[in-house]
Amino acid sequence: MDLRQREHIETVVQATTYLAPPAVLADRIAHDAIIQNSWRRCVHQYGLDPSRMQEARILPQPRLREHQERIDDFARIARHGLQSLYGQVAGLGYVVLLTDAQGVTVDYIGEARSDAALRHAGLYLGAEWSESGAGTCAVGTALATGQALTVHQADHFDATHIPLTCTAAPLFDTHGNLHAILDISALTSPQAKDSQGLALQMVRIYAAHIENANFLRAHRRDWILKLNVAPEFVDVNPEYLLALDEAGRIVGHNHRARLMLEGELGGAPGATVLGQRFETLFDARLEDLGHYVYSRPSEQRLVALTRSGGLLYLSVLPPALRWQAPPAETQVAMPDALAALTGGDAALQLQLQRAARLVDSPINLLIHGETGSGKEFLAKALHLASARRGGPFVAVNCAAIPETLIESELFGHLPNSFSGAGPRGKRGLIQEADGGTLFLDEIGDMPRELQSRLLRVLAEGEVLPVGAARPVPVRLRVISATHHSLEQLVADGRFREDLYYRLNGARFTLPPLRARTDLDWLVRKLLQEGSAEGSEITLSPAARERLHRHRWPGNLRELRNVLEYARAVCADGYIDVPDLPDSLAGPAPSAALPQPGPAQSPAAAPFDPHQLPPEGMLLMQYLRASGWNLSAVARQIGVSRMTLYRRMERYGIQSPNRRDGGPEPTDA
């Protein structure tokens, strides 16, 4: 403890005892009433001891994430305000903090080279600055009083913090609740508190900007009234904001509007602005609001307050209409990567036509379909068809990564940032996808505590590795996929509703394989992909029928496995029913098992070669041309004689002599 800290402690002790008359204290203690009242709260209400110096408390990562998730929507809106404010003060040594209503720093922008000093001083992500915990400080005292203020150097209660200068302003939600604190602080500053006058003014201005941005987003479905004493600013920078429901009742306001209208209500006990009717507070009729839309000159939009008669300029925004889809445009050319996914199935073709319009759109895409229906194929095709094709395509199966590892796998981590973390740290998969496409398969299985962190990636274009205080910017396209009903997961509380709407910019539903009409094309395509160059795999009609009758619960993945198995076990490149896996090679579901006895009853229909499929008719032509010389035909078509026998039996082809009871067909 140095001399300055010892003297500060003595000053706080004197100010918080009631032994000396206030006039005497005023001569000795050059601190305003707000600071002295805060010191007294620290001692008499919170039980803090000024002689016990405590460094700033930094919350561990899991606790910090809980606080961030609770204020996540508001923090995303505030982020632009933080960045703009930091741009104004960065060269002066300040950092910008956003805290929640408990005083926990949930967002922070500062100079990277000063990280160690800022963390030690508590001007850092996760720092807890409540008045009951840290004593008199800008964040905590602004929370306690609801006022914007500067706590400069020796204004702080705890002598640990007396080198700091901190200026904070409260942020209120649209119902008047104190929701957050905006703060700019510096490790060092001039001795005079007056040097922070500009800082206080800027914090107030940006706090109002953030409040207004949050208001406009929260009440975009309501009537919004913008008011200002100057007509030039009523549209671009309104001082007062009100939201009305369809009945003309006030359902929201910014902080300045609340203070103004509480005065109009006369300060009656229990009187609140919320629920008041527009016509009670303003000398105008609800049905006349249309005269105040911003299309009229601002100087013609004057309205009077009922009680005081004060005049304000008014601009009215009607409720935002739901976006209407534009009329269908002419069909766009299908990129090759997408066209390669279908053989003409109408339902899939429709989905791909929609996808073709969105390959370079910035909106996020959600693919829904059964397991194995081709969700990753579609995501990869969208990537290859887009301008990001030169960047990475990173596929992540959220259900396959253990829950204990998914955070560090996705977001990465700094060296030794948690138990088991390596000394070198790790780039997360989100960073690996920078400049390309991130495909999140089975997104419905992502743990809920990580969903808010993914939301930040989508909203801000930046990722925060585990253990880091500074986010890393990323530029990527996010495509998600699931076989779950995300709507049901949202209803069950297992999936964040705001994340669902972020991911669901456009939705594609893939048909299951059993519903597709291009099975034959798929079979040919898959067999061709897996065959050696110059070789050809064909399918018997009976095997093809079995494929068509199968229900394909595993969809494309199951079909690929079936065909790979059949190709491996078939003879001479010809897949027949016995070559199929057991699940398909048994009797066809609707076919009766053959019974022992004569091969054909006298009443059976006569053999008709014109009813044969194309392969059978071609085989008949070879046999007839050779005079039914089976060995010659087998050599000609490149198969063994036994294979030729099987094919003839399959198509019901017999030598004319054999059908007439004559000799066997010749083999020589």
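Note: Cβ is positioned from N, Cα and C throughout, glycine not excepted.
What Swiss-Prot annotates here:
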- 341-570: domain 'Sigma-54 factor interaction' (DOMAIN)
- 369-376, 433-442: ATP binding site (BINDING)
- 586-611: region 'Disordered' (REGION)
- 586-606: compositional bias 'Low complexity' (COMPBIAS)
- 630-649: DNA-binding region (DNA_BIND)
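Taken residue by residue with DSSP, LYS375 (ATP binding site) is part of a helix. For the binding-site residues GLY369, GLY372, ASP434, THR437, LEU440, the greatest number of Cβ atoms within 10 Å around a candidate Cβ is found at LEU440. Across the DNA-binding region (630-649), DSSP assigns 17 helix, 0 strand, 3 coil.
Look at ASP434 (ATP binding site): DSSP puts it in coil. For the DNA-binding region (630-649), the model gives a mean pLDDT of 74.
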